[in-house]
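What follows is one structure encoded as structure tokens, with my remarks underneath.
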Amino acid sequence: MIPFSVVVLLLCATPPPTPSVALPFKQKGFLDFGKSIDVEGLMMMMNDEEEGSAVEEYYKPEYYKPEQPTCPFGCQCNQKVVQCSDLGLHYVPYDVPPETRLLDLQSNQITEIREDDFKGLRNLYMSTNSHNTNGGREVHLRAFMPLRRMQKLYFSHNQLTAVPKNLPSSLVELCIHDNHIKKVAAGDVSGLGSMKCIDGRNPIQNSGLEPGAFDGLKLTFLRISEAKLTGIPKDLPEGLHELHLDQNQIQAIELEDLRQYEGLHRLGLGYNHIHHIEELHLENNRIPNVHGGLAGMKYLQVVYLHSNNISQVDMNDFCPEGFGVKKTYYNGISLFDNPINYWEVEPATFCCVSNRMAV
């Protein structure tokens, strides 16, 4: 029999069992087990585990402290994109990860944008707040102040009655059509020196565009369609490349209306009430062909197309097919200094010109 003192010595000399040194569970990326996990994110998690990260067999929530921000409840988060559309939200989620670059909030019931809704989202590049048709009427004056890097803001199909104040100075593209905006006052978009594109369809009248409304902007694209304009607005940015005024109530166009826009490449005037355009000056550009829409301008009398790159003139470029369509004969068509082989032009091409000396 072993003496008691020897047993005590043996117990003291025997080391206790080694405890588990496994690391706590850590969620990767923005994946959330409460929602469907995308394949790419799942593969990343599996690869990380296979590379030697120790994971406890039994995960204990009380010891879990995530290092990555969680995804707002119901939303889908992946690769710095947070999609929260069609969730019936009444407010912007408070726990959007700070590194988010694109925030999708469309098709909800957000009634207002509060002061701190975008707090901490300094890296946000694009936000879509469209189709909040049950609200979206109120935007706090300081709501966009934290967004120093935002370049695209989509605020269409809401119930806005005015352009939101204090938009980010970094903004390049603003889509704000299908709201209830009737006025763009001087200062509404001031300070937006980076702005290139404004796309809007709102019930704006001529008097709704105050003088100086676009001062300081270097826009290249502007759309004011489905409004109530009766003429081309004055004092638009001179650097415009595209101007779309479709579906208004414009009745006539004067040469002075467009003279200042020397860089204009595309002018949209479809679905208006235009019945009077006497002269069209497109000389000294780089136009490669005659635009097919000229034949449909019933009252156009003078067209300047000289010094371009037009190499071919088709039979229906100037005169419409059939009879009784063009109301006024051309008094002048200028095509000199273009690479046109005159012997290839059909005589019937100028059948709606007053006389042959007019070409």
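Just so you know, glycine gets a Cβ as well, placed from its N, Cα and C.
The disulfide bond annotation in TrEMBL covers Cys71-Cys77 (among others).
Look at TrEMBL and you will find Cys75-Cys84 (among others) tagged as disulfide bond.
Taking the Cβ of Cys319 (disulfide bond) as centre and 10 Å as the limit, one finds 19 other Cβ atoms among all the protein chains shown. Residues or ranges marked as disulfide bond by TrEMBL: Cys319-Cys352 (among others).
Taken from TrEMBL, the feature domain 'LRRNT' applies to 70-102. Model confidence over the domain 'LRRNT' (70-102) is summarised by a mean pLDDT of 93.
Annotation comment: TrEMBL describes 1-20 as signal peptide.
Across the structure, Cys75 (disulfide bond) and Cys319 (disulfide bond) are spaced 57 Å apart at their Cα atoms.
Cys84 (disulfide bond) sits 9 Å from Cys77 (disulfide bond), counting Cα to Cα.
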